[in-house]
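Chemist: Annotations per Swiss-Prot:
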BINDING   Gly37, Glu38, Asn39, Gly40, Ala41, Gly42, Lys43, Ser44  ATP binding site
DOMAIN    5-237  domain 'ABC transporter 1'
DOMAIN    249-492  domain 'ABC transporter 2'
Amino acid sequence: MTVLVSLSGISKNFSGVQALKGVDFDLRAGEVHALVGENGAGKSTLMRVLAGEMKPTSGTVSIHGETMQHSGPRGAAGRGISVIHQELALAPDLTVAENIFLGRLPRIVNHRRLRKAASEILERLGFDIDPAIHAGRLTVAHQQVVEIAKALSNRARIIVFDEPTAVLANTDAERLLAIIRELRAGGTGAVYISHRLNEVFDLSDRITVMKDGSHVETLETSATDVDAVIARMVGRQMSALFPSKAGRVPGEVVVRVRNVSRGRKVRDVSFSVRAGEVVGLGGLVGSGRTEVARLVFGADKMDSGTVELNGKPLHLSSPREAVRARIGLVPEDRKQQGVILDAPIRINTTLAKIRSISRLGFLDAGKERQVAVALGAEMRLKASSVDAPVSSLSGGNQQKVALAKWFHADCDLLILDEPTRGVDVGAKGEIYNLINDLAKAGKAILVISSEHQELFGICDRVLVMAEGAIVGELTESKFTEQQLLTLAMTRSARERDETSQ
């Protein structure tokens, strides 16, 4: 197989700090090579060297067997290298077509030809996106597609995907992964950076693990497993990330959901969660788990059924009422719904219970800071100060801020929807400890996760959903991925058969 890229002995120093230490890496034509490691491992820095965004302190970059001199991003693009960053770089006020060909537009633009060329590339990717609309009006998923179209228009044969699914819903993420598979089949070489190890194993041919700026090992994906990769990333296996459940004693029922329905999304769902208990909601994408969470939180209105909190019926018409009832929700899309990115940490952490830091209707800034500092210490938050905007934090620390908000609110029931999505492995372990501490303190916790090991590692029970209904319950003695998938997939297949008859 042809080697497209060879990085040899790449080192990079920043003011005496060695970010990369003699790293070797290569990429072949028609493969997806995953690059994994904790935040700060050096993954993005290495790819910025490849993309010409940084000049290495030492080492060589070879493209198609030819050693290249550093010539900046434009030079790298000219050699067929493109990077799809997590933070997208489209010009929102330009059209889709203009974005795709940006930097290569003639002085006099024939917009009809431009739109036609853009449409042809988008159709190759399987998306019907109007090339004439402004990029700022697109969903995040469609913006990702336009970024890929831009790379293809530049005849890129080497594409780096840096956390491409971090802000995407599951269905959009699946479509993006399908595009990457098609690119691979056409001979493109792709570097895939992600904390989502399930995606890494589903997509990649090889996996390179980095730690503290060094190359640890490159593995054939088919010859390794998640535990082996995690052990190389953090020095311990996945199972070691989960805290002991000893000391968690389930008490009285905190929340009881009875026969709740909403259209075909949620159908006759009933369950309960006790104080000091962590209950999981598992199932396939689209099974109705998030919809159940939104109904319990008052974000959506149920067609029928009841929710009781501490033995009393709840009649929630909004999330505001849920917060007053001491119910909290950390949503799956933390950047859009869980935190205010541009606001400082101190505002985000106290937002759900702002009355507790107010006096006579006025905010007590000193108390706000005091609470935020205390929460930051409890959460082991890594930030320069509580005045720093949440947008400046890593994914794991952003998630800690989202959790801190509900720690401060002192909820009786906390719903966590994909609590470690887009979070590195080390931060996952810290979040699992926080969840465990809440349970030990007597809080009722409902966890939704697409990572089965996560559900089994932190939950006392797992309810399995399919086609909007709860189809089974797994206790610890039956915690296996096979059991969960058998319940989820058998019911899903049966429902589809019944619908088609």
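Cβ atoms here come from the backbone N, Cα and C positions, even for glycine.
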Chemist: Could you tally the C-beta atoms, other than its own, that fall within 10 angstroms of the C-beta of Gly40 (ATP binding site)?
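Modeler: A 10 Å sphere around the Cβ of Gly40 (ATP binding site) contains 17 other Cβ atoms.
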Chemist: What is the total of other Cβ atoms whose distance to the Cβ of Ser44 (ATP binding site) is within 10 Å?
Modeler: 21
Chemist: Which chain neighbours of the ATP site, leaving out Gly37, Glu38, Asn39, Gly40, Ala41, Gly42, Lys43, Ser44, have a Cβ atom within 8 Å of the mean position of the site's Cβ atoms?
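Modeler: Here the nearby residues are Thr45, Met210, Lys211, Asp424.
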Chemist: Could you say whether, by DSSP, Gly42 (ATP binding site) belongs to a helix, a strand or a coil region?
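Modeler: Going by the DSSP assignment, Gly42 (ATP binding site) belongs to neither helix nor strand, so it counts as coil.
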Chemist: For Gly37 (ATP binding site), which of the three DSSP-derived states applies: helix, strand, or coil?
Modeler: coil
Chemist: Within 10 Å of each Cβ, count the other Cβ atoms and name the one among the binding-site residues Asn39, Ala41 with the highest count.
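Modeler: For the binding-site residues Asn39, Ala41, the Cβ with the most other Cβ atoms within 10 Å is Ala41.
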Chemist: I'd like the number of other C-beta atoms within 10 A of the C-beta of Glu38 (ATP binding site), please.
Modeler: 20
Chemist: What same-chain residues, at least 6 away in sequence, bring their CB to under 8 Å of the CB of Gly37 (ATP binding site)?
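Modeler: In sequence order, the residues whose Cβ lies under 8 Å from that of Gly37 (ATP binding site) (at least 6 apart) are Lys43, Val209, Met210, Lys211, Val216, Met233, Asp424.
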